[in-house]
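What TrEMBL records for this protein:
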- 27-49: transmembrane segment (TRANSMEM)
- 28-339: domain 'Ammonium transporter AmtB-like' (DOMAIN)
- 61-83: transmembrane segment (TRANSMEM)
- 135-154: transmembrane segment (TRANSMEM)
- 166-187: transmembrane segment (TRANSMEM)
- 199-217: transmembrane segment (TRANSMEM)
- 229-249: transmembrane segment (TRANSMEM)
- 261-280: transmembrane segment (TRANSMEM)
- 292-310: transmembrane segment (TRANSMEM)
- 316-336: transmembrane segment (TRANSMEM)
Amino acid sequence: MAAEQIAYTAKEFAPAVPGWLNKGDNAWQMTASTLVGIQSMPGLVILYASIVKKKWAVNSAFMALYAFAAVLICWVLLCYRMAFGDELLPFWGKGAPALGQQYLLGRAKVPESKHRGYNDVDDITQPLYPMATLVYFQFTFAAITLILLAGSVLGRMNIRAWMAFVPLWLIFSYTVGAFSLWGGGFLYHWGVIDYSGGYVIHLSSGIAGLTAAYWVGPRLKCDRERFPPNNVLLMLAGAGLLWMGWSGFNGGAPYAANIDSSIAVLNTNVCAATSLLVWTSLDVVFFGKPSVVGAVQGMMTGLACITPGAGLVQSWAAIVMGMLSGSIPWVSMMVLHKKCSLLQK
């Protein structure tokens, strides 16, 4: 067989490589999708199972596992096109399956809503890879949003209630935020910028988690007084997977393997490292010793802080953001929380 037939260097020998396909962009986007997926499976599965008490370990891990699978099926059956499809309402798209070969093998469109470009011509943003790649990439974002939300109700929620909650919240909450910003909805047209999920993922999951924790209710008093992780080493392994996977989270947001993705990956890691070091330093200064759990918390606040602007800010600003994300949450948890607890007593 001729070498060009093996390597598919000629277009006539590569029927699965249309002219618009950029192999580098497609390879990076699938890699980024895998990295984001690893954040959830196994990253947060391991982290959640290890950071809670032993009696909740299996339940916590299963909540993350179930959410990952349930979100994927809901995503391809209905929710992707509710978040990125044709407009139904200014904050919602028309739900439909994303399973047809003709749809999945066509060139991706982000967002599918039209916007006015140069010379008053309507343009549509179209990355250089198929829709199948984009559907999976955006699924991993939706999945980790639900799994992050799960962290607010670990040790509180019955697994059967969680099984019902996941598809309902995905349909009626996540798709609304995603379409409003990333799918060409009203916030997009107002000029709101959310680089990689500050509103769509972190703010929405945080508010939903706070609301869910309020309605589900507090843990038992004996559980609240002492809450040690059941396996510190595995907790660190899960946290490490979460950190490394975040490079795909923010690096994949430009929808291409370009300069913006490179800056985003660097800024992500710089901010996370700065936040971790600031949190750990504050623990040493005020409590006389560092805390492993505190270091993980500092890492996560840094990752969340940089996400909305990872590809938009300069790297020195990422250090400043890391200092703020490592200090402000530390004060709220270690100082304000304790003062509020004393006042309640």
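Glycine is no exception: its Cβ is also placed from the backbone N, Cα and C atoms.
When Cβ-Cβ distances below 8 Å are used as the criterion, the transmembrane segment (166-187) is approached by residues 66-67, 70-71, 74-75, 78-79, 82-85, 87, 90-93, 95, 110-115, 138, 142, 145-146, 149, 194, 199-200, 204, 208 of the same chain, each at least six residues removed from its ends. Between the transmembrane segment (27-49) and the listed ranges 61-83, 135-154, 261-280, 292-310, 316-336, the one holding the most Cβ pairs under 8 Å is 135-154. Counted as Cβ pairs under 8 Å, contacts with the transmembrane segment (199-217) are highest for 135-154 among 135-154, 229-249, 261-280, 292-310. Counting same-chain residues at least six beyond the ends of the transmembrane segment (61-83), those with a Cβ under 8 angstroms from any Cβ of the stretch are 37, 40-41, 44-46, 48-49, 92-99, 135, 138-139, 142-143, 146-147, 150, 154, 157, 159, 162-163, 166-167, 170-171, 174-175, 178-179, 182-183. Long-range contacts of the transmembrane segment (261-280) within the same chain, counting only residues at least 6 positions beyond its ends with a Cβ under 8 Å from a Cβ of the stretch, are 28, 195-196, 243, 246-247, 249-254, 290-291, 294-295, 297-299, 301-303, 305-307, 310-311, 313, 315, 318-319, 321-323, 325-327, 329-330.
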